[in-house]
Amino acid sequence: MSSAESLSLYGWLVIGWITATPFSYGYHISVLNQLHSVLACEPSLVANNLPTCFELNDFTFSAVTSVFNLGGLLGSAQANVLMEKYGRRGTARISAGFTALGSAIMGLSGSVAILGVGRFMTGIGSGIGICLAPLYIAEIAPKTIASTLGVLTQLGIVLGIFLTQILGVYFSSPDAGPNAWRLVLFFSFAVAFIQVLMTGFMVESPRYLRSKSLRAGEEARAIETRIWGHGHGVGGDSATSPLLEEHDPEAHPAVPHGNLSALTSSQVLFKTPADVRIPLLLMCCAMIGQQFSGINAVLYYSNDILSQALPELGKYVSLGITIVNVIMTFPPIFLIEKLGRKSLLFFSVAGAIVSLTVLGIALNFAGAAGSTGPTAWTTVSSVFIVFFVMSFATGLGPVPFIMISEISPFYAVSALSTISLTLNWLSNFCVSLLFLPLRNALSGGAPGDPHHDPGKVGRVFWVFAVILALVMSVVWRKWRT
């Protein structure tokens, strides 16, 4: 295999280093949900001068959980400014620094307020990092394997969720001892702190260097040589270099606009250049579709559904779903070049829409049956939850992240990344905030309300299916591959 199609050992180290960023994002998405059972109680015990748990009612726990999304919104909104001012490498250090500090504060928290402050800071780090990671990977990858490596963003996220589930199952058990749950947060601190330390040994993006200076070619070629091995970069044939050379029109993408400065997010939003309008529309629709597919709501609701179908295995339900999510993230690595990004995305969307539709029907029949134990319809619900997660993981999860750098002009890619992923965070926040109220409104009231109709609880998933179909129809019509 030529160096244009493979990584050097150092190149893999760089990829592993940056993949720690989406890993931390996935880790903190679910870390509190997994620890909920040991976090919420009357704090009657103190171990090592720290409370073993906190007074957390449902509202307080939801508030502490949701500040992660607010931090993510703030971080992603500032990512473009940071990436242009400090570079990709410097921004990675900032992202990991926020995550490390936030994780340490959570691990040492003595009150709910301090726990929330730490979670907000990890949200900022994750918001910055989830904008940076897919962009950095795309900029150091040769075109021949850029899409394959781009899947690593989603793989990092699901591996972070998976490890949280494993650690949470053990450290939330009574056998682990008081305050053992704090070790789950200290593990995240360790990962982020190591990432900060490694930043000094990592390289800047060659494409970023070229976009900033016409005289950065020699430094960029030296970086290419180090990442991809000998035969490219300095002393190599520029015509076969896996990354962009000075004569490549994308190497200085801002030149047509009169300078070497990338567009800001406000310029993209309010003075949208003609060649950025379609990419902006596509990325906004893709990110809205990804979150309004209801993936987080489905994963949240899966515990109740699958625990009815498999009551003896209720403790391991969410772990099993996460394992499916991890396994199904690998096929896109091999399929994305064979099937193409658009085909893979829409096979995934079709599977998700079918799953949501059938899941809604099954939940309605299961609710109407009125049984508290497993029934044929809870089994159907269980099967289609798994099928939905499989469908999401194969395309709807990874492809929107890969699209950012592939459909955007380079001079606008940082701004589009910031805008689209800020919208992703906002959509995520809206789904988490509106899911239960919408479910209750469509079923006549909350469970226990005299007007509540359990035979209508599945309708909320039809709403997700309709939204997903509408926004993805725009992507289908406008995306020219």
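If you go along the chain as it appears here, the first residue is 1 and each next one adds 1.
Using N, Cα and C of the backbone, Cβ positions are placed for all residues, glycine too.
If you look up TrEMBL, you'll see 7-27 (among others) marked as transmembrane segment.
Marked as domain 'Major facilitator superfamily (MFS) profile' by TrEMBL: 14-481.
The transmembrane segment annotation in TrEMBL covers 59-82 (among others).
Same-chain residues lying 6+ beyond the ends of the transmembrane segment (94-114) with a Cβ under 8 Å from its Cβ atoms: 20-21, 24, 28, 50-51, 54-56, 60, 64, 71, 75, 82, 86, 120-126, 128-129, 132, 182-183, 185-186, 188-189, 192-193, 195-196, 199. TrEMBL lists 94-114 (among others) with the feature transmembrane segment.
Marked as transmembrane segment by TrEMBL: 120-137 (among others).
Through the fold, the transmembrane segment (149-171) approaches residues 15, 19-31, 34-35, 38, 130, 133-134, 137-138, 141, 180-181, 183-184, 187, 315-316, 318-319, 322-323, 325-326, 329-330, 332-333, 336, 393, 397-398, 401-402, 405 of its own chain, all at least 6 residues removed from its boundaries and within a Cβ separation under 8 Å. Annotation comment: TrEMBL describes 149-171 (among others) as transmembrane segment.
As annotated by TrEMBL, transmembrane segment applies to 183-203 (among others).
Taken from TrEMBL, the feature transmembrane segment applies to 280-301 (among others).
Residues or ranges marked as transmembrane segment by TrEMBL: 313-336 (among others).
Annotation comment: TrEMBL describes 343-363 (among others) as transmembrane segment.
Marked as transmembrane segment by TrEMBL: 383-403 (among others).
Here TrEMBL flags 410-437 (among others) as transmembrane segment.
Positions annotated as transmembrane segment by TrEMBL: 457-476 (among others). Counting same-chain residues at least six beyond the ends of the transmembrane segment (457-476), those with a Cβ under 8 angstroms from any Cβ of the stretch are 281-282, 285-286, 288-289, 292-294, 297-298, 342, 345-346, 349, 352-353, 356-357, 359-364, 367, 435, 438-439, 442-443.
Ranking 120-137, 183-203, 280-301, 343-363, 383-403 by CB pairs under 8 A with the transmembrane segment (59-82) puts 120-137 at the top. Of the candidate ranges 7-27, 120-137, 183-203, 383-403, 383-403 has the most C-beta pairs within less than 8 angstroms of the transmembrane segment (343-363). In the predicted model, residues of the domain 'Major facilitator superfamily (MFS) profile' (14-481) average a pLDDT of 82.
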